[in-house]
């Protein structure tokens, strides 16, 4: 699930994805993409 959070690497997406109520994420095309629970 893409969220509107800019990133350079996947580690930056851990907290934004948690805050969005999801598990973890990767950085895809400069934006975070989270995995739903």
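Cβ from N, Cα, C; glycine included.
Feature annotations, courtesy of Swiss-Prot:
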- 7-27: disulfide bond (DISULFID)
- 13-32: disulfide bond (DISULFID)
- 17-34: disulfide bond (DISULFID)
- 37: lysine amide (MOD_RES)
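Here the C-alpha separation of residue 13 (disulfide bond) and residue 27 (disulfide bond) works out to 7 Å. Its own atom aside, the Cβ of residue 32 (disulfide bond) has 25 Cβ atoms within 10 angstroms in the protein chains shown.
The disulfide-bonded residues considered are 13, 17, 27, 34; of these, 27 has the fewest other C-beta atoms within 10 angstroms of its C-beta.
Reduced to three states, the DSSP call for residue 7 (disulfide bond) is coil. Taking each Cβ in turn and tallying the other Cβ atoms within 10 Å, the top scorer among the recorded positions 7, 37 is 7.
Residue pair residue 27 (disulfide bond) / residue 34 (disulfide bond) shows a Cα separation of 9 Å. The two recorded residues, residue 34 (disulfide bond) and residue 7 (disulfide bond), have Cα atoms 12 Å apart. Looking only at the recorded positions 7, 32, 37, the one with its C-alpha closest to residue 17 (disulfide bond) is 32. In this structure, the CA atom of residue 7 (disulfide bond) is 6 Å away from the CA atom of residue 32 (disulfide bond).
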